[in-house]
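Colleague: If you look up TrEMBL, you'll see 62-66, 123-129, ASP151, ALA250, GLY298, HIS345, ASP413 marked as (6S)-NADPHX binding site. Per TrEMBL, K(+) binding site is recorded for ASN63, ASP119, SER154. TrEMBL lists LYS382, GLY383, SER384, THR385, THR386, GLY412 with the feature AMP binding site. Annotation comment: TrEMBL describes 10-208 as domain 'YjeF N-terminal'. The domain 'YjeF C-terminal' feature in TrEMBL is assigned to 215-469.
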Amino acid sequence: MRTAYSVESVRAAERELMARLPEGALMARAAAGLAAVCAELLARGRGRVYGSRVVLLVGPGDNGGDALYAGARLARRGAGVTAVPMDPARVHPGGLAALRAAGGRVGASVPERADLVVDGLLGIGGRGGLRPAAAALVERIPAGATVVAVDLPSGVDADTGEVAGPAVTADVTVTFGAYKPGLLTDPGASRVGAVRLVDIGLEPPEHAVAMEALQHADVARLLPVPSASSDKYRRGVVGVVAGSEQYPGAAVLAVAGALRGGAGAVRYVGPAAEAVLARFPEVLVGRGRVQSWVVGPGLGAGRAEEVGRALADADVPVLLDADGLRGLDGAVVRGRRAATLLTPHAGEAAALLGVAREEVEAGRLGAVRELARRYGAAVLLKGSTTLVAPAGGGAVRVNPTGTSWLATAGSGDVLSGLAGALLAGGLPGVDAGSAAAYLHGLAGRFAAGGAPVVAQEVAAALPEAWRSVRAAGQ
Ligand SMILES: NC(=O)C1=CN([C@@H]2O[C@H](COP(=O)(O)OP(=O)(O)OC[C@H]3O[C@@H](n4cnc5c(N)ncnc54)[C@H](O)[C@@H]3O)[C@@H](O)[C@H]2O)[C@@H](O)CC1
Ligand SMILES: [K+]
C-alpha cells in the first residue's frame, strides 16, 4: 500500500522528529536524497555530473533551502550550479552560504541552457497558484532540461492536487518523508512525473493517512476466491438493471464486467435481455434473489422506479451509476443498511453536488469526500485518476493503474458490473470500488498494449488482470 499524508500530519511528524535531532539534520537528509537523484539523472543523461549545467529555482522558504544544499553537493562534484532566487531578499541563508562555499553562483535570471533544473520554489508551504515572480521563472525553464521538483511541483497544492494558475511540470519529483495527496490526485498528479520518495525518518501515525493507493498484493488480498464449499449462490449473484431500447449495449457491457468479477451468476433485469443473452447465454433473466444490484448504465431517463426498487432492497449492496444517479435522494441512500456505492464521472458528480463540472475537475479530492459525506455512501469518482472515498470518512483510495486508453465508450459500464460483482462477493463499498478500478485499469492496459481499445476488449482482458494480481498475492 502506498500512503499519503496531509501537510498538517507531515508537519506534526516533522516537529516530533526535529525535537530529537540536531538543527538542520532533516534538511541535510532531504538535500542529500535530492542531490543523489539529481546526480543519477545527470549521469544517465550526460554520462557524468562533472561539467553539467544545473539551475536552481529558489523560493523564499525551506523548499528553496533544500534546493540550495543539494546544489552545493552537486557543485562539489563539479557541476556548474546557478541559483536563481524568486526574491533575492528572501533566500535560505544557510543554503545560500553552502552553495557559495561549494563554488556555485547566484544569477538574476534563468540561464538559457541547462541540463537539469531543480524546482525549489514552493513546497508544502505554498498557497494558491504561483505568483508572477515565480511564474516568470518557470516560464523561462530551458527546453530540453530535465526538471526535478523538490518535494512537489511548485504551484500544485500539496493537500488537494489543485493547480490554480501556472505550475511546474516535472520529469521527476523527489518528495520527502511521505507522499502528499497532491502528488497522487489530478490535476497535480499529471505534473509530478516519476515520484521518488526520500526517507528522512518521518513516521506519521497510521490513523493520519489521507490517501492510499493499492498495489497488486493489496488487491490480491481483497479479491474473493471460491472455496471447496462454494456454489453459485454462495459466490454471489449480481443483479444488473441496465440498458434500454436505445442503449442495449450498456446492458451487455455491464453484464460482461459482472461476469468477470468472480460472482457465481449474473441476473439481468431490463429490456435488453435479447441482446444480453445473444452474447452471454449463461445469464439469468428476470427478477430473483441477488447479493448485489448494479443499477444505471444505459437506463435512459424515466426509470426512477427501478432505481428506487433496488435502493429499497435494504439488505443488499447497491451500485448506482450513470442514469441511476439522476435525482438521487440523499435521505434514502443514507437510510440504507447495506452498502451503497456511487460511481459518477465528473459531470454526474457535479450534478449531484449542484456545482459546475469544472469545479469537480479542479478539486476532485474535495468533491469525492463531500459526496461520500453527503450521501453516507462509498463514492468512486471516475476520471484520469479515479478516486474512491469510503462511506464513513477516512483515507481516500486513488487508483494507480488507470490509463487514458480507458476513456472510451462503454468502459464505465464494464467497471460498474465488475464492482457490483465484488460487492456481491462481500467486499465493502470502498474495497469493491477500488479493487474494481484497479483490475479495470490493468485490463485496459493489457488490452490496449499501446493501441486504441474498445470496452468489450477491456472486459475480455479482466481474467488476465486477475491472474496478474493473484500471482503477486501468492
Ligand atoms: N519542515 C521540515 O522539517 C522539512 C522541510 N523540508 C522542506 O521544506 C519545505 C517546506 O518549507 P516552508 O515551510 O518554508 O515552505 P515553502 O518553502 O514551501 O514555501 C513557503 C514560502 O513561500 C511563500 N509562498 C507561499 N505561497 C506562495 C505563492 N503562491 N507564491 C509565492 N510565494 C509563496 C510563503 O510566504 C513562504 O515564505 C518542504 O516542502 C520541504 O521541501 C525538508 O527540508 C525536509 C524537512
Ligand atoms: K517545489
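Including glycine, each Cβ sits where the backbone N, Cα and C put it.
Annotations in TrEMBL come from automatic prediction, not curation.
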Colleague: Does DSSP put ARG127 ((6S)-NADPHX binding site) in a helix, in a strand, or in coil?
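Modeller: Looking at the DSSP assignment, ARG127 ((6S)-NADPHX binding site) belongs to neither helix nor strand, so coil.
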Colleague: Where the distance is taken from Cα to Cα, which of the binding-site residues ASP119, SER154, GLY383, THR385 turns out closest to ARG127 ((6S)-NADPHX binding site)?
Modeller: SER154
Colleague: What is the set of residues, excluding ASN63, ASP119, SER154, whose C-beta falls within 8 angstroms of the centroid of the C-beta atoms at the K(+) site?
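Modeller: Other same-chain residues near the K(+) site: LEU57, GLY59, GLY64, ALA67, GLY120, LEU121, LEU122, GLY123, GLY126, ALA149, VAL150, ASP151, LEU152, PRO153, VAL168.
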Colleague: Taking the Cβ of ASP151 ((6S)-NADPHX binding site) as the centre, how many other Cβ atoms fall within a 10 Å radius?
Modeller: 28
Colleague: Whose Cβ, among the binding-site residues GLY383, GLY412, has more other Cβ atoms within 10 Å than any of the rest?
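Modeller: The most densely surrounded of these binding-site residues is GLY412.
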Colleague: Measuring Cα to Cα, how many angstrom lie between SER384 (AMP binding site) and GLY65 ((6S)-NADPHX binding site)?
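Modeller: Just about 33 Å between their Cα atoms.
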Colleague: Give me the CA-CA distance between ILE124 ((6S)-NADPHX binding site) and THR386 (AMP binding site), in Å, as a whole number.
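Modeller: Roughly 24 Å, rounded to the nearest whole number.
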Colleague: Where does SER154 (K(+) binding site) sit in the DSSP three-state scheme?
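Modeller: Going by the DSSP assignment, SER154 (K(+) binding site) belongs to neither helix nor strand, so it counts as coil.
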Colleague: Write out, in the order they occur in the sequence, the residues of the chain not among LYS382, GLY383, SER384, THR385, THR386, GLY412 that have a C-beta within 8 Å of the mean position of the C-beta atoms of the recorded AMP site.
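Modeller: Surrounding the site, in chain order, are HIS345, LEU381, LEU387, ASN399, GLY402, ALA437.
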Colleague: Please report the distance from the Cα of ASP119 (K(+) binding site) to the Cα of GLY65 ((6S)-NADPHX binding site), rounded to the nearest angstrom.
Modeller: 11
